[in-house]
Amino acid sequence: MGNSGSAVKVCTDHQGGINWLSLSPDGQRLLTGSEDGTARLWSTADSQCHGHFQGHESYITFCHLENEAAFTCSADHTIRKWDVVTGQCLAIYRGHTSIVNRILVAKDYLFSGSYDRTARCWSVDKEKQIQEFRGHRNCVLTLAHYSSRDVLEEEEEEEEEEEKVSRDLLVTGSTDCTVKVWWVSSGRCYQTLLGHTGAVLCLILDAPNRELFSGSTDYTIRTWNIVTGEQLKVFKEHQGSVICLELVNRHLYSGSADRTVKCWFVDTGERIQTYKAHKHSVSTLKYHAGILFTGSGDACARAFNSRSGVLQKIFRGHKFIINCIQIHNELLYTASHDGTLRVWDIRGICKRNKRRLKKERSVQGRSSQKGSLARLFNNKVGCMIQQENGEHEAVELM
């Protein structure tokens, strides 16, 4: 059993459940979006609330934080941009006709996905819709973005001038069981990835390796070649919907409604570890320094040794599902549907894990050195035997 941890701070400012938690690129701030229709800005230095963004007419579904601006989307069909210093609403992006459930900021683009079956692209600065992506038969739940420069050779790129000017592509996952890839410049669908038999809940993109991973309510994860649209592998061992994904060093971690997280080696498709102990769905996960942190519908966060699967710590205190987690400066932040943001000190577990990793590397180094000496000894003995017998034969000493 893991040791139980207590929060070093509990932030109770929200009057409704927290649906999402975003960390700024510079690590200085956190943003929470809530059922109470507001977003709050927190300093990672003191965990105090330094901003309160009000204006949405319904609950906030998702939020995204940049260093100088915050973005929120809502069931009121709009997206808002906020100044992180003054708290002023800088822009309102209108056009969706139903709940906006996901946003993504990339370069000068703001992308959004909605229950109105469309995804849209907006100019971050001009408060203007640039493109609409229409073709899904149901809700757009998840988004990813990449540039064709990252995945295509020059001779493979589209010939149309319009696409050549802007080589950005948007990936959308939908409850219609499909994943679609779109040219941002024209709104044209470049690929439709068919194979899932349930809603696509999560996407992870590995552009350098030309791979896309999708998790679904059909209990599977599928790997796709992002250029050709070919389905490469199907990971089938989960017994419930695949809710969240994390990709680290060619290892894919998947959290599921079956109360487990599984780790897969992407290159072979082999399942190499299963992390148990959850008493409800795994709603969120984050890998950090050899430790796998999870948040669950059982209101607990957990820390596992990523390699062995051993449960190292349980973080108890929330009353409802943990929707999102973030990690910064060896502090764990958990945001829950109970309306609280909790801060946990993970320095001890990180320090112990670093010592363990250092010890393992030391053992591996000694083993490697012993192996080198053994091979050198074997080679010398083999040469001596060959010289004495005048024959070439392999001599196994171990």
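Residue numbers in this text run from 1 along the chain shown.
From the backbone N, Cα and C atoms, a Cβ is placed for every residue, glycine too.
Model, not experiment: these values are computed from the prediction.
Straight from TrEMBL, the features:
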type	residues	note
REPEAT	11-43	repeat 'WD'
REPEAT	93-132	repeat 'WD'
REPEAT	169-192	repeat 'WD'
REPEAT	193-234	repeat 'WD'
REPEAT	235-274	repeat 'WD'
REPEAT	315-347	repeat 'WD'
With an 8 Å cut-off on Cβ pairs and a sequence gap of 6 or more, do the repeat 'WD' (11-43) and the repeat 'WD' (315-347) reach 3 or more such pairs? yes
With DSSP as the reference, give the number of residues of the repeat 'WD' (315-347) in helix, strand and coil. 1 helix, 19 strand, 13 coil
Please list, for the repeat 'WD' (235-274), how many residues fall into helix, strand and coil according to DSSP. 0 helix, 24 strand, 16 coil
So how many of the residues in the repeat 'WD' (93-132) end up helix, strand or coil by DSSP? 0 helix, 25 strand, 15 coil
Please give the average pLDDT for the repeat 'WD' (11-43) in this predicted model. 98
Contact set of the repeat 'WD' (93-132) with the rest of its chain, CB cutoff 8 A exclusive, min separation 6+ beyond the ends, reads 61-64, 66, 69, 71-75, 77-81, 138-145, 168, 170, 172, 174, 182, 184-187
Provide the three-state DSSP residue tally for the repeat 'WD' (11-43): helix first, then strand, then coil. 0 helix, 18 strand, 15 coil
